[in-house]
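Report on the structure given below.
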Amino acid sequence: MNLHEYQAKQLFARYGLPAPVGYACTTPREAEEAASKIGAGPWGVKCQVHAGGRGKAGGVKVVNSKEDIRAFAENWLGKRLVTYQTDANGQPVNQILVEAATDIAKELYLGAVVDRSSRRVVFMASTEGGVEIEKVAEETPHLIHKVALDPLTGPMPYQGRELAFKLGLEGKLVQQFTKIFMGLATIFLERDLALIEINPLVITKQGDLICLDGKLGADGNALFRQPDLREMRDQSQEDPREAQAAQWELNYVALDGNIGCMVNGAGLAMGTMDIVKLHGGEPANFLDVGGGATKERVTEAFKIILSDDKVKAVLVNIFGGIVRCDLIADGIIGAVAEVGVNVPVVVRLEGNNAELGAKKLADSGLNIIAAKGLTDAAQQVVAAVEGK
């Protein structure tokens with residue numbers, strides 16, 4: 001679950017980290033009033049969406065008058081911002097952040113993620129701030145410096161100083177950087193985060209460090225113990241189908257293809273998508289109904305898949321272990337009866353109660369294409385899409 005920049009900076013303030021004074025505004029009038037609270041200009045105005053590349057898309061601007069602030073707010077509030085990280089529809093701009101402009105001398109990068117290979121939280125820092133860190137990692141990886149947090153000791157000040165020296169910082173900037181490093185590490189661990197990015201972390205012309213931007217990603221599986229973060233969720237920034245799936249504890253990710261996939265188990269779901277691609281198809285989604293699937297959840301999963309107008313066929317691939325294949329069959333039958341299906345449905349059932357599930361589907365009178373194996377299922381669903 002991602003947070004908006006203004007929400008990230010609210011957290012920074014709670015942990016004593018330096019960030020510009022700013023206010024999130026939902027109307028042009030609020031934006032003008034925010035400027036008055038901040039004081040004399042110039043001011044930075046930023047569209048609040050869960051996507052990078054806002055500046056290049058016109059969603060970030062430095063202005064010198066309250067009239068310009070009002071014009072920016074009137075232009076963007078209620079509109080959709082399209083960046084290189086969004087689809088063609090963009091994301092809705094419901095708030096803009098008005099904050100004091102910063103005199104920038106140099107831009108740095110500081111971020112943290114969970115490194116799956118080392119199973120530790122890893123901090124990354126670079127002198128190449130203000131640009132996409134992925135591009136830096138690809139073209140000049142030697143400019144990214146890393147330290148891993150020991151799960152027993154947690155973050156240590158010497159690690160912050162080590163990164164500061166590698167960035168070429170001196171004097172009081174080393175102390176300031178170390179404080180920011182320790183604060184971000186504390187936020188990451190205490191708030192069950194999956195991602196922190198300060199891009200850019202800037203050195204001002206006055207010689208101080210300040211978090212000019214902030215991107216936080218929370219671990220969705222840990223939100224039950226982070227009620228305040230859960231309240232910050234902005235579902236308007238999410239794919240409606242993904243939000244609906246989350247309410248039913250379904251793991252759904254929308255993709256750009258035309259073959260809907262319903263699978264139990266994340267590994268099997270990824271393998272199913274791979275084999276569909278191998279045979280010339282394009283998955284429309286990743287959907288894992290999980291190990292504790294019920295008839296109701298399977299019905300909802302089917303409805304979510306069919307709500308995508310791009311879907312021209314559906315592949316159901318179930319390996320019955322914890323999930324019984326006959327329950328999956330009941331869910332498919334229920335979904336078809338409730339929603340109606342105008343696209344081919346290919347079903348592959350293996351394992352626990354597979355024969356009973358297949359019999360239920362056969363006796364239902366529905367137009368279901370039974371597959372004899374995973375390869376056969378992929379070939380049949382691709383052929384169905386192509387009209388063969």
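Backbone N, Cα and C atoms are what each Cβ position is placed from, and that goes for glycine too.
Not measured: the values here are computed from a predicted model.
Among the candidates Asn258, Asn264, Asn285, Asn367, the residue that Swiss-Prot names alongside Gly321, Ile322, Val323 for the substrate site is Asn264.
For the binding-site residues Thr102, Asn199, Asn264, the greatest number of Cβ atoms within 10 Å around a candidate Cβ is found at Asn264. Using a 10 Å Cβ-Cβ cutoff, Glu99 (ATP binding site) registers 22 neighbours. Between the binding-site residues Glu107, Asp213, the minimum number of other C-beta atoms within 10 Å of a residue's C-beta occurs at Glu107.
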